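Peer 1: Okay, here's the structure, questions in a sec.
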Amino acid sequence: MKVNLYLFLALTGFSLTGHSVLRVTKDTKPKSEMMKYLQNVNTFLLVVAGLSLTGLIFLGYTSTSVGYKDKRFCLNLTKEHQENSKLQLPQGISYKQPSVVGPDGKVIATTPWLSPIVWEGTFDPFLIDTIYKQQNITIATTVFALGKYTQFLKDFLESAEQNYFIGFRVHYYVFTDQPEQVPEVKLGEERQLTVLKVPSSNRWQEITLRRMEKLEKLIESRLVSEADYIFSLDVDTKFYGRWGSESLGRLVGVIHPGYYQTPREQFPYERRPESQAFIPHAEGDYYYGGAVIGGLVKDVHEAAKTCREQLDIDAAKSIEAAWQEESHLNKYFLYNKPSKVLSPEYLWQDFKPHTNEVKIIRFSQVIKNYAAVRPNP
């Protein structure tokens, strides 16, 4: 804070030569008493000047400090808004299809809307786990094991206990029509399993179609108060490598291993305009696998609820999307961008050979005879 020096000296009783500006007549007091008097006056004025200067410095510092705090508070609000805001895209916007692998053959680790694409080498496992473990979070994990799909539960759970969010609190929720077929698997500390009985169906498509509804209701009835994050995973899968806190985000999808280098015109989207899952040939980012959906409980609830509503509208018109809930999930992710995208490392297929891009397979769909495990062809 700048202060006019001349004004300051005038206010405190000094001239530019440093003498008192007070005048005393010759005959009023003896000389010695006069000098003592002037010294006392000067001392008093020096004290006043010092106090005045201290006050001015304090006011300047306080003003700057308050301004800084206000600015920092505004920045914090902006950051919070950015982290919590939804990345929504209006329909009908034309733009270039995003790539997962660049022209140089190297993987791309960021989407065009600046969400991370998680690949091996893009994160420090120790660092990111240390950060998230301080938050004391619970990760709910749902799997659907109906009919003969219960045979996949043992490998799913045992491999998860070796690789999936190790050191974190995990609660598995198993939806099944045969609770007696759920195997006993030794769970680690702070990890538990709950079996939820649901009716079966004569059509595997119907089982798939109803998963969003079951997920929506579970979140509303329990998970809203029991968990922080949730992942819904296919049971006919196995963990082969680390799956940890690097996968956490507000809304998380996984790139399907069969289409990560395919032109979007060839994606198996629902192409009939009559369906709520319809996506035009000129639109699309990635083809997301329905085997994985995750994120904060409230955001996954909104995704599941929206998909369920769209599924109900289609059902009322006797329409079934090309790939049931996966088609509706792709529609949702196109216009509600994921805040984090998992690379095909997090959803591979056992029959597929390794590629140059996928350095490690973390989670993969096992080889199976669909005719033998599905209730209908």
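Cβ atoms are placed via backbone N, Cα and C, with glycine included.
Straight from TrEMBL, here's the annotation block:
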TRANSMEM  44-62  transmembrane segment
BINDING   Tyr149, Asp234, Val235, Asp236  UDP-N-acetyl-alpha-D-galactosamine binding site
BINDING   Asp234, Asp236  Mn(2+) binding site
ACT_SITE  Glu326  active site, nucleophile
Peer 1: The residue listed as 'active site, nucleophile' to Tyr149 (UDP-N-acetyl-alpha-D-galactosamine binding site): how many Å between their Cα atoms?
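Peer 2: The separation of the Cα atoms works out to 19 Å.
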Peer 1: What are the other residues, in sequence order, whose C-beta lies within 8 angstroms of the center of the C-beta atoms of Tyr149, Asp234, Val235, Asp236 at the UDP-N-acetyl-alpha-D-galactosamine site?
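Peer 2: My list of surrounding residues reads Val143, Phe144, Ala145, Phe152, Phe156, Thr237.
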Peer 1: What is the Cβ neighbour count of the residue listed as 'active site, nucleophile' at a 10 Å cut-off, with all protein chains included?
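Peer 2: For the residue listed as 'active site, nucleophile', the count of other Cβ atoms within 10 Å is 24.
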Peer 1: On the Cα atoms of Tyr149, Asp234, Val235, Asp236, which are listed as binding UDP-N-acetyl-alpha-D-galactosamine, what is the maximum pairwise distance in Å?
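Peer 2: The span, Cα to Cα at its widest, is 10 Å.
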Peer 1: Take the Cβ of Tyr149 (UDP-N-acetyl-alpha-D-galactosamine binding site) and count every other Cβ within 10 Å, whichever protein chain it belongs to.
Peer 2: 24
Peer 1: Taking 10 A as the limit, how many CB atoms besides its own sit near the CB of Asp234 (UDP-N-acetyl-alpha-D-galactosamine binding site)?
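Peer 2: For Asp234 (UDP-N-acetyl-alpha-D-galactosamine binding site), the 10 Å Cβ neighbour count is 21.
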Peer 1: Within 10 Å of the Cβ of Asp236 (UDP-N-acetyl-alpha-D-galactosamine binding site), how many other Cβ atoms can you find? Include all protein chains, please.
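Peer 2: A 10 Å sphere around the Cβ of Asp236 (UDP-N-acetyl-alpha-D-galactosamine binding site) contains 21 other Cβ atoms.
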Peer 1: Let me check the 10 A CB neighbour count of Val235 (UDP-N-acetyl-alpha-D-galactosamine binding site). How many other CB atoms are there?
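Peer 2: Other Cβ atoms found within 10 Å: 23.
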